[in-house]
Amino acid sequence: MTEEHVVLLDEQDKPSGTLEKYAAHTLNTPLHLAFSCWLFNEDGQLLVTRRSLSKKAWPGVWTNSVCGHPQQGETTEEAIIRRCRFELGVEITDLTPVYPHFSYRATDPNGIVENEVCPVFAARATSVLQVNSEEVMDYQWSEFKSVWKSLLATPWAFSPWMVMQASDEQARERLLNYCQR
């Protein structure tokens, strides 16, 4: 995969340039565009992934299925499809926004800051996973309600963006409705 960049955003969340992804994630990360996607299988189970230990931010932490950054000139939907293929080796369908205006700022234990405008989507996996071990060290298909209980009981074991996304009542309801259809 070619070197990824992030799309930098101004105070009005409008694109203002790009920066190499690795250089962007520092102790003073500029605001940039990202996405988060929650994948479900045909049985309505959620794919929860554990970030590789080689990740710069939140290594080894459990998180939602796939996250990433749209490249300049790429739609969020195109970026989600690209990252699902790269990280999980999976094809998806029924890509649906569930929390389109999510944004957050969080600092990991190493001091690396995430500072993202990060629309959240749900999608359905349509093929068998072929996980990229440089991105994902473990994964599990689980019932959404079980994952929610785990997030409430042990939020420190999960990425802050996953906890924040699921903590939004409207987003949680949309995810629950999505997995039940």
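Numbering starts at 1 and runs along the chain as it is shown here.
Cβ coordinates come from backbone N, Cα and C, glycine included.
Keep in mind the model is a prediction, meaning the values are calculated, not measured.
Look at Swiss-Prot and you will find His25, His32, His69, Glu114, Glu116 tagged as Mn(2+) binding site, backed by sequence analysis. As annotated by Swiss-Prot, domain 'Nudix hydrolase' applies to 30-164. Here Swiss-Prot flags Cys67, Glu116 as active site. Under the heading Mg(2+) binding site, Swiss-Prot lists Cys67, Glu87, citing sequence analysis as support.
Shown on the structure are the features that Swiss-Prot records.
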{"residue": "His25", "record": "Mn(2+) binding site", "DSSP class": "coil"}
{"residue": "His32", "record": "Mn(2+) binding site", "DSSP class": "strand"}
{"residue": "Cys67", "record": "active site", "DSSP class": "strand"}
{"residue": "Glu87", "record": "Mg(2+) binding site", "DSSP class": "helix"}
{"residue": "Glu114", "record": "Mn(2+) binding site", "DSSP class": "strand"}
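Take the Cα of Glu87 (Mg(2+) binding site) and measure to each of the recorded positions His25, His32, Cys67, His69, Glu116: the nearest one is Cys67. When pLDDT values are averaged over the domain 'Nudix hydrolase' (30-164), the model yields 97. For His69 (Mn(2+) binding site), the count of additional Cβ atoms within 10 Å of its Cβ stands at 21 [all protein chains shown]. For the recorded Mn(2+) site, residues His25, His32, His69, Glu114, Glu116 set the reference point as the centre of their Cβ atoms, and the other residues of that chain within 8 Å of it by Cβ are Val6, Lys21, Ala24, Thr29, Leu33, Ala34, Asn115, Cys118.
Counting every protein chain shown, 25 other Cβ atoms lie within 10 Å of the Cβ of His32 (Mn(2+) binding site). Within its own chain, Glu114 (Mn(2+) binding site) has His25, Thr29, Ala34, Ala57, Tyr104, Arg105, Ala106, Thr107, Asp108, Pro160, Trp161 as residues 6 or more apart in sequence whose C-beta sits under 8 angstroms from its own. Separation of the C-alpha atoms of Cys67 (active site) and Glu116 (Mn(2+) binding site): 11 Å, rounded to the nearest whole number.
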